[in-house]
Amino acid sequence: MAKAKFERTKPHVNIGTIGHVDHGKTTLTAAITTVLAKQGKAEAKAYDQIDAAPEERERGITISTAHVEYETDARHYAHVDCPGHADYVKNMITGAAQMDGAILVVSAADGPMPQTREHILLSRQVGVPYIVVFLNKCDMVDDEELLELVEMEVRDLLSEYDFPGDEVPVIKGSALKALEGDPQWEEKIIELMNAVDEYIPTPQREVDKPFMMPIEDVFSITGRGTVATGRVERGTLKVGDPVEIIGLSDEPKTTTVTGVEMFRKLLDQAEAGDNIGALLRGVSRDEVERGQVLAKPGSITPHTKFKAQVYVLTKEEGGRHTPFFSNYRPQFYFRTTDVTGIITLPEGVEMVMPGDNVEMTVELIAPIAIEEGTKFSIREGGRTVGAGSVSEIIE
């Protein structure tokens, strides 16, 4: 039988399974594909196929991630599942797998555990906007009251991290029983996917967001002016649009785009994903540099001080061999450039060991265009020693 081709006509959403080790994330992922495969909407994947996730490198960090895809009547999904806890932490902080929503798997037999809390906290800090709960292993719990107790605990935990605990859909099921083909539990997988369809909104597409392009290179064309090149990160740009040049200087500079080129051809409009050159009116060669961004005026602002959630590479990953302390001054690599910054660790945290993840405050020596969710690397002498995600802007 020929492989079915996924139709790209449906809206696309990125999701993933999160939760404590052994609560059934991978079994649930397998169950979703298996149940949907019976309706011809997925290719069934066995537990072992998902569990043997290939290693990928993102910002110099090795992460094991399994990717599966499937669809419902409403949407097309790309779903990530990580075998190990450390893989989740790295994945979420580097943004290697950007999630529009997550399915939090909690074993009804055990209730919320430390990594349940940690994954909810990470979701909050790296900007996973919506969570749907799957209470797993319900076939092992005879006591209805116990199920309700676990559900309440999970809802309280979500509320603690500013998710709407009262509104979050909670589906009670058994991934293993569904995987084994028990119709009563297969129905719960359908129920879960309906909740995901309805509760997790279709994300705004990158092209619909305000324009932004990190500047990679700058050159001047005699008689025409200054050109900034880079890959459009989001939004669209056309000739005549006003843009701001933001970062590395105290005040953003506003200018107008007088030409947009791609592969040396003139373009009416550039959009997210395009590599372009933008001709800037009245801007001299020394007023623009790599590391700045071009953006729709007022859409993003330069900052020097922020809080961030950071994963520190282990020695084996090529990171530091020794811990670091407050006042550590590495380079912070944002998009296209390094800026020195000073780290302040939270109260009660003396030092950070390779392999840890920690929230820290960073003060940069020059302003950079950042917002909540902006990703960065921490570098020392050109090698990556950490990866982070901005969780809060201070100034």
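Start at 1 and count along the chain as shown; that gives each residue its number.
Even glycines carry a Cβ here, placed using N, Cα and C.
Annotated range for region 'G3' in Swiss-Prot, selecting from 37-40, 81-84, 285-288: 81-84.
When Swiss-Prot is compared with the stretches 60-64, 65-69, 75-79, 325-329, the one noted as region 'G2' is 60-64. Range with Swiss-Prot annotation region 'G4', chosen from 48-51, 136-139, 220-223, is 136-139. The range from 19-26, 203-210, 251-258 that Swiss-Prot describes as region 'G1' is residues 19-26. Within the chain carrying the region 'G3' (81-84), a Cβ under 8 angstroms from the stretch's Cβ atoms is held by residues 16-17, 21, 25-26, 29, 50-51, 53, 63-66, 68, 91, all 6 or more beyond its ends. Here the Cβ of Cys138 (GTP binding site) has 22 other Cβ atoms within 10 Å, regardless of which shown protein chain they belong to. Within its own chain, the region 'G4' (136-139) has Cβ neighbours under 8 Å at 23-24, 27-28, 105-109, 147, 172-177, 185, counting only residues six or more beyond its boundaries.
With DSSP states grouped into helix (H, G, I), strand (E, B) and coil, the region 'G1' (19-26) comes out at 2 helix, 1 strand, 5 coil. Residues 53-54, 82-84, 87, 90-91, 94, 96, 311, 313, 317-318, 377, 383-384, 387 of the same chain lie 6+ residues outside the region 'G2' (60-64) yet bring a C-beta within less than 8 angstroms of a C-beta in it. Cβ-based neighbour count (10 Å, all protein chains) for Thr26 (Mg(2+) binding site) stands at 23.
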